[in-house]
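Trainee: For reference, the structure I am asking about is given below.
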Amino acid sequence: MSKPPILTLADITKRFDTQEVLSGFNLSIEDGEFFTILGPSGCGKTTVLRLIAGFEGADEGRIMLNGQDVSKLSAEKRPVNTVFQSYALFPHMTVFDNVAFGLKMAKVSKPEIAERVKEALATVRLSDFATRKPHQLSGGQKQRVAIARAVVNRPKVLLLDESLSALDYKLRQQMQMELKQLQRKLGITFIYVTHDQEEALSMSDRVLVMHNGQAQQVGTPREIYECPNNLFVASFIGEINVFNAEIVESLSDYRYLAAMDGFKREIHADRRFEAGDKVHVLLRPEDLRIEYLEDAPDRPGFSGQVLERNYTGQTLDSQIQLQSGQTIMASEFFDEDDPDFDYSINQKVWVDWVHGWEHVIKAES
């Protein structure tokens with residue numbers, strides 16, 4: 001028998017005054033997973049976090065945490081701790097006292113406090129910083145103190161509210177790796193809220209993408225990136241090229257002949273379509289292949305010209321206008337040993353992709 005989820009939100013509705021920000025919202029999170037709630041500003045992700053923490057109450061629905069209905073429990077009675085974006089460290093206290101604060105409030109014995117704080121600081125690699133004050137710490141160190149203060153209480157779930165957004169890019173990348181390693185080491189459930197797609201993809205076991213208070217898709221980072229449910233998910237997670245097409249006929253299970261941009265081409269889909277169905281063929285920039293027009297192979301593809309090119313060190317990114325007028329993005333890994341691996345502005349090119357790399361969804365109006 002499989003274990004029940006550590007956290008379940010069932011048919012949650014939340015209103016602020018007359019505005020309904022969540023309606024019939026459902027979510028299940030497994031014990032011990034790193035789960036990220038991802039979406040643009042105003043999508044409802046922070047509201048979900050606050051409902052889990054107990055900082056807000058749901059107008060309708062139920063929240064189950066570790067088998068207990070906590071819908072009516074106050075925040076301090078829930079086995080949950082939150083790491084805020086600001087870290088919320090007490091400036092007049094040492095690192096040790098900041099981490100020990102929750103245990104002291106819970107009237108834990110002094111010997112146990114000392115042992116648990118020592119263990120928590122060792123976990124986040126700050127054992128030598130116990131006597132320092134917050135102003136003597138770097139941004140990354142403050143982040144780790146905030147996490148130590150949260151995990152020292154041994155919560156079932158740790159909530160992190162955009163807690164890396166204040167860090168610079170390189171430190172943020174470093175902390176992404178450290179957070180994931182720490183989560184594995186602790187074995188507790190992390191629920192992370194962010195608008196940053198890179199953070200979500202790099203750290204998470206699973207990701208929930210939200211928009212306008214609705215769950216758009218839940219899946220692994222790879223599922224979210226490679227097999228988006230709809231155009232919002234496809235466009236919110238990285239760059240995407242969208243080609244309109246119509247199913248001409250079914251060739252076999254999940255293989256179809258499609259008409260697109262003046263030619264017919266075989267496509268592969270992970271769902272069933274009928275002849276005449278309008279579809280979107282989705283391709284990431286890195287899925288496209290570019291050739292000089294005069295070197296175009298003898299198979300269906302797009303012709304166009306290069307509008308802009310950008311060398312990033314690892315890739316050569318090209319903006320291409322197709323004959324249809326549509327503008328697309330293509331990204332190819334740079335090959336310094338290929339003297340022809342470059343394109344000039346207005347260069348005539350031919351664009352293709354490897355069969356099976358496309359993702360096909362029902363057309364949206």
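Here the Cβ of each residue, glycine as well, is placed from N, Cα and C on the backbone.
So Swiss-Prot lists these for the protein:
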- 7-237: domain 'ABC transporter' (DOMAIN)
- GLY39, PRO40, SER41, GLY42, CYS43, GLY44, LYS45, THR46: ATP binding site (BINDING)
Trainee: Would you list the other residues of this chain near ATP - those whose C-beta lies within 8 angstroms of the C-beta centroid of GLY39, PRO40, SER41, GLY42, CYS43, GLY44, LYS45, THR46 - in sequence order?
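Mentor: For the ATP site, the extra neighbours are HIS195, MET210, HIS211.
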Trainee: Using CB atoms and a 10 A radius, I'd like the single residue among the binding-site residues GLY39, PRO40, GLY42, GLY44 with the highest neighbour count.
Mentor: GLY39
Trainee: Could you work out which of the binding-site residues (SER41, THR46) has its C-beta surrounded by the smallest number of other C-beta atoms within 10 A?
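Mentor: Across SER41, THR46, these binding-site residues, the one with fewest Cβ atoms within 10 Å is SER41.
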Trainee: Let me know the model's mean pLDDT on the domain 'ABC transporter' (7-237).
Mentor: 92
Trainee: Long-range same-chain neighbours of LYS45 (ATP binding site), Cβ under 8 Å, sequence gap at least 6?
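Mentor: Correct list: ILE37, LEU38, GLY39, VAL193, HIS195, MET210.
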Trainee: Taking the Cβ of CYS43 (ATP binding site) as reference, which residues of that chain separated by at least 6 in sequence fall under 8 Å from it?
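Mentor: Listed in sequence order: MET210, HIS211, ASN212, GLY213.
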Trainee: Going by DSSP, is CYS43 (ATP binding site) part of a helix, a strand, or coil?
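Mentor: The three-state answer is coil.
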